[in-house]
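Asks: One structure follows; several queries about it will come next.
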Amino acid sequence: MREPRTGFVPRVWHRDHRIGLAGIVAATALVLVAGFLGPSVVTLTLGPRKSLLPPWYLPHGVVVPNEWVVSALVWASIIVGGFGLWFAMRALRDGWRPAWKRLFALGTALSLLTITVPPLTSADVLMYAAYGRLQVLKIDPYTITPAEIFRSQYDPVLHWTERPWQDTPSVYGPILSWSQLAANKLGGTNMHDIVFWLQVCAVVPFIVMSLLVVMLAHGDAGRQARAALFTIANPLLIWAVVAGAHNEAMSVMFAVAAMLMVRKTPFGAGIGIGLAGCAKISIGIWGIAMLWAYRREPKKAALLCLGTLVPMGLAYGLWKPTAFFQAIRNGGYVSVGSWVNPMYTLFAHLTTPRTGKIIVGVISYLVLIFIAWILSRVVPWRAAPGLPAGADPQRDPLTIALRTALVISTAWLVSSMYTLSWYDLIAWAPLAVLAGTRLDSVMVFRGVPLSLAYVPGRAIEFGHALDVTAHRIRDTLSPIAQILVLVMIVLWWRDPERRQLLWWPFPKPRRWTDRPHHEHSTGPDHDTDGLTVTVTDQPSDPVRERSGAGAGPAAGTASVVAPPAHTPPGPAARPPRVPAGPGPDDPAGLPR
């Protein structure tokens, strides 16, 4: 990526966009290597190949992938990608303004390359194939499980499914069920080919969704670059959604399309969010956000609800009433990598597993309400792109809907009993459109350990040492990280001006540049993180971001204190210097 038109020069190496982009590309390259080696503890076994279609990998017997090597490749991919994204985010905040089309093209290429190798770590895609196979056999996947069939008779597709979901009926909405049926129609009785078409059903909505998010940021090149980086070029999402062939993007794609219509037609927005709910019911969070945006306009709120009822009534009411009840089943599970798992383990030991689940469920919902309230207080009001100058963002339905969707989605993700890395797409999308906040780094800090927690992530046998290592990451490292995410949000609320997301007990080195900070700033969306300190001949106070209720698009723009009038001219005169010290977007307050 070249930026000749901006002249951006990074001040420190960990705000260097070139290193960030290199990390993003390297993350995908490591995934491709792990997948191309063929079936292993991280790469799915897809059965015989009978066509030249992807996914491609080395023929059986050419190499036997070592379980530690492939696991390390994936771990490295997640960590390198996380740092690459973080560096690129920090470069954006410093003034890097890449051409969004180039960034989008890069992300699209990485996503398409990812589906040329088999899915990794999660066997969910095999269950998608199984549910589609049941439909081909004229069996209802919402009432009959794949295991009930393959345990009584051989089936060339169901044979390749893996635990632990073989005894679970489908929990997906009708639209996803239709995509699973279509993949089976295209792939026939060959699991390898069916999986390829399911990968297509994962990557195409992901690309379209990302393009729609960029369209939401129309008219603002800086926001469009941010939107491209946070969606299509986001290595955490490429890993979680595309490499795992998960279907999360289908529902978010329809939801973002609905957001595009919020200012124009409430009924059309309702149709869009209704279609999203026909894919995954959890996207109803965005529907609540849209309804909140119309709370002062009853007629528009009614049109939104009416539009939502049309597709959902047809899909869940007429076609498959049982699908709705199956689709809400995930609310009763506890994922090992979540913040509540240590509590659940304790309460299940002291009482019973059922009682323990009820207790942590109540706690989880209370935390959800608390975190949502906190975020509603600290997430700044910054207008969504397209709002006329001088208009109040707190009266703009799109700004309200996006901000509320971000608040509720994030609160749900960080407080839920059952949370996985690909669920984060529901928060990354609105975060990509709104101006930068501390949530940028919080989402990275959350996503990396949660992704690491499910490597290898399959219910198959592997070595004892790897098993112990993977379990410690999943049941210890990830829950601790998720608890720290909650702590970060609470600390942000308690002290919005604090310079660190977490404590950093060591002295912070002072690094200086000779360039004025305003040379990097490119407009109202330049987020200074509230850390700009200008040094003159006399001590000066930090120049901090000011965002308040009713702030317009320019809210949050920092200024730079001018040099004192008595500064002598000549060679000794120097421009004001800006320290590159740690700020509120730095996880754990790491030195810059």
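Residue numbers in this text run from 1 along the chain shown.
The backbone N, Cα and C atoms fix where each Cβ goes, and this holds for glycine too.
Unlike curated records, TrEMBL annotations are generated automatically.
Annotation source TrEMBL lists compositional bias 'Basic and acidic residues' at 513-529. Among the features that TrEMBL reports, compositional bias 'Low complexity' is placed at 552-564. As annotated by TrEMBL, compositional bias 'Pro residues' applies to 565-585. Feature annotation from TrEMBL assigns region 'Disordered' to 513-592. Sequence annotations record features per position, and here TrEMBL assigns transmembrane segment to 21-48, 68-88, 100-120, 194-216, 236-261, 267-294, 301-319, 331-351, 358-380, 400-418, 476-493.
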Asks: For the transmembrane segment (21-48) and the transmembrane segment (236-261), does the number of C-beta pairs under 8 Å, pairs 6 or more apart in sequence, reach 3 or more?
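Replies: They are in contact.
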Asks: Give the one range among 194-216, 236-261, 267-294, 331-351 whose Cβ atoms make the most pairs under 8 Å with those of the transmembrane segment (68-88).
Replies: 236-261
Asks: What parts of the chain pack near the transmembrane segment (331-351), using Cβ distances under 8 Å and only residues at least 6 beyond its ends?
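Replies: Answer is 357, 359-361, 363-364, 414-420, 449-450, 453-454, 474-475, 478-479, 482-483, 485-486.
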Asks: Considering only Cβ pairs under 8 Å, which range in 236-261, 267-294, 358-380, 400-418 makes the most contacts with the transmembrane segment (194-216)?
Replies: 236-261
Asks: Counting only residues 6+ away from its ends, which parts of the chain sit with a Cβ under 8 Å from the transmembrane segment (236-261)?
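Replies: Tertiary neighbours of the transmembrane segment (236-261) are 27-28, 31, 35, 77-78, 81-82, 85, 107, 110-111, 114-115, 119-122, 124-125, 128, 172-173, 175-176, 179, 195, 198-199, 201-203, 205-206, 208-209, 212-213, 215-216, 268-273, 275-277, 279-280, 282-283, 286, 290, 398, 401-402, 405, 420-426, 428-429, 444, 447-448, 451.
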Asks: Which bits of the chain, at least 6 residues beyond where the transmembrane segment (400-418) starts or stops, bring a Cβ under 8 A of a Cβ in it?
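Replies: That would be 216, 259, 262, 285-286, 288-290, 292-293, 330-331, 333-335, 338-340, 344, 357, 360-361, 364-365, 367-369, 371-372, 375-376, 379, 381, 384, 393-394, 424, 426-427, 430-431, 433-434, 439, 442-443, 446, 482, 485-486, 489.
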